[in-house]
Amino acid sequence: MKIGIDEMRFATTPYYLSMTDLAHARGEDPNKYLIGIGQEKQAVVPPTQDIVTLGAQAAAKLPADKLKRVRTIIVATESGVDNSKASAMYIKHLLKLDDNIRVIELKEACYAATAGLQFAKGMVTLEPQTYVLVIAADIARYGLNTPGEVTQGAGAVAMLVAANPHVMTIEPGAVSYSQDLMDFWRPLYATEAMVDGKYSTNVYIDFFQHTYQRYLQQTGLSLEDFTALIFHLPFTKMGKKALESLLGDRDDQVAKRLRDQLKAEQVDCRSVGNLYTGSLYLGLMSLIQHGSVAAGDRIGLFSYGSGAEGEFYTGILQPDFHDHVEQLDGPLNARQQVTVAEYEDMFNQQLGMKPEDIEFDLTKDHSRFLLAGQRDHQRQYVDRDN
Ligand code: COA
């Protein structure tokens, strides 16, 4: 039975910051951010958005008849809003889905959405008539004036996993690899990540090489068998570093094709920033929209989460894949640009770990789902359509 991704939708915040503006404010050459890191814009998060609202925003765009058939919701995140309650519970409520549903939250840095997809595949194998909703939702937050600041971002990718999927089947034979490392982490008392940035990029490449080479050994496939290789993109240069670690000096047609496809993957990621769990899947949506891909093509996907875990797996694009993936040019172009001062203000207004009651101003953020504030230690969510 073919199982895989049936639909893909995306949501981000209504605001973005230009990386040229950030570079000027931080005394850096803009080309360091635009070329050296490879980021052009970054999603800016108002206090009225969190991973619950972003996840609900993305999932609400899925076809209603398919949402009704969802029997499990998996939310993959490393920026959860509660140490106990799964964000999937809030999202289920906001989407008004049936109570006869299993909900759960998964965590392993930026890798967890890939685990979610593989678990979902197993669930659909057992119950082929059902859909599993996998949401990768995150807010990448490194802190003002830190080296990681340019690699922040936010958003959610909502994916339905089903039998006979419309977008991409997930092939068997995924290679996972994990080691207990401290390249990036966030202790329970911290709202910003701690990161050994250079180390994390080295571990990422090592894990990519390890999982990719092992995958080739197991399957007998070679580089020529991939129409595209796509990568978790904490910043778009990272994908280039990983791909070049494979291609080296190669300048033939295969190498040229893979470089072009990576550029297609990078388009939307350059404009949103790091989504942590969702980055690889925003990259897949971007490849489908901007790349040179056709039904039957094999895509290689490298998923990486600090701490650290990597997985290389492959998928085959299905006949009408294009019609089941949201086109993002419109929504991304509709965002409002903010100044560095406005960004810093929103950054500092986040609810974070504040224990007190608070009510946010809802007049500026026109998103459907909003975090209205906190009362008696309970987050208050609003659905504008109700
Ligand atoms: N024009 C063009 N490129 C420039 C430049 C300029 N004026 N100035 C610098 N660069 C290049 C550098 O050569 C470097 O390129 P390279 O990585 O190919 O060698 C790149 O820009 C970054 O410069 P660097 O000085 O290394 O940046 P940094 O010390 O500020 O740190 C990160 C960069 C990515 C390590 C930092 O942003 C970070 O910690 N990010 C979060 C961690 C992360 O995302 N890890 C990924 C794995 S999950």
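For all residues, glycine too, the Cβ spot is worked out from N, Cα and C.
Quick look at what TrEMBL annotates:
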DOMAIN    3-163  domain 'Hydroxymethylglutaryl-coenzyme A synthase N-terminal'
BINDING   ASP29, TYR142, LYS241, ASN274  (3S)-3-hydroxy-3-methylglutaryl-CoA binding site
ACT_SITE  GLU78  active site, proton donor/acceptor
ACT_SITE  CYS110  active site, acyl-thioester intermediate
DOMAIN    176-248  domain 'Hydroxymethylglutaryl-coenzyme A synthase C-terminal'
ACT_SITE  HIS232  active site, proton donor/acceptor
DOMAIN    261-350  domain 'Hydroxymethylglutaryl-coenzyme A synthase C-terminal'
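Everything TrEMBL records as a feature, shown here on the structure.
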{"residue": "ASP29", "record": "(3S)-3-hydroxy-3-methylglutaryl-CoA binding site", "Cβ neighbours (10 Å)": "11"}
{"residue": "GLU78", "record": "active site, proton donor/acceptor", "Cβ neighbours (10 Å)": "25"}
{"residue": "CYS110", "record": "active site, acyl-thioester intermediate", "Cβ neighbours (10 Å)": "30"}
{"residue": "TYR142", "record": "(3S)-3-hydroxy-3-methylglutaryl-CoA binding site", "Cβ neighbours (10 Å)": "19"}
{"residue": "HIS232", "record": "active site, proton donor/acceptor", "Cβ neighbours (10 Å)": "31"}
{"residue": "LYS241", "record": "(3S)-3-hydroxy-3-methylglutaryl-CoA binding site", "Cβ neighbours (10 Å)": "16"}
{"residue": "ASN274", "record": "(3S)-3-hydroxy-3-methylglutaryl-CoA binding site", "Cβ neighbours (10 Å)": "30"}
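In the three-state DSSP assignment, the secondary structure recorded for ASP29 ((3S)-3-hydroxy-3-methylglutaryl-CoA binding site) is coil. With respect to their backbone Cα atoms, the residue listed as 'active site, acyl-thioester intermediate' and LYS241 ((3S)-3-hydroxy-3-methylglutaryl-CoA binding site) stand 18 Å from each other. DSSP gives TYR142 ((3S)-3-hydroxy-3-methylglutaryl-CoA binding site) a coil state; it is part of no helix or strand. In the vicinity of ligand 1, defined as a Cβ distance under 6 Å, the following of the recorded positions ASP29, GLU78, HIS232 are placed: ASP29. LYS241 ((3S)-3-hydroxy-3-methylglutaryl-CoA binding site) sits 12 Å from HIS232 (active site, proton donor/acceptor), taking the Cα positions as reference. In the three-state DSSP assignment, the secondary structure recorded for LYS241 ((3S)-3-hydroxy-3-methylglutaryl-CoA binding site) is helix. Annotated pair ASP29 ((3S)-3-hydroxy-3-methylglutaryl-CoA binding site) and HIS232 (active site, proton donor/acceptor), C-alpha to C-alpha distance, rounded: 26 Å. The DSSP breakdown of the domain 'Hydroxymethylglutaryl-coenzyme A synthase C-terminal' (261-350), given as helix, strand and coil counts, is 46 helix, 22 strand, 22 coil. Rounded to a whole number, the distance between the Cα atoms of GLU78 (active site, proton donor/acceptor) and TYR142 ((3S)-3-hydroxy-3-methylglutaryl-CoA binding site) is 13 Å. DSSP assigns HIS232 (active site, proton donor/acceptor) to coil in the three-state reduction, outside any helix or strand.
Secondary structure from DSSP puts GLU78 (active site, proton donor/acceptor) in coil. Taking H, G and I as helix, E and B as strand and the rest as coil, DSSP gives the domain 'Hydroxymethylglutaryl-coenzyme A synthase C-terminal' (176-248) the counts 38 helix, 11 strand, 24 coil. Each residue contributes its Cα atom, and for ASN274 ((3S)-3-hydroxy-3-methylglutaryl-CoA binding site) and GLU78 (active site, proton donor/acceptor) those atoms are 12 Å apart.
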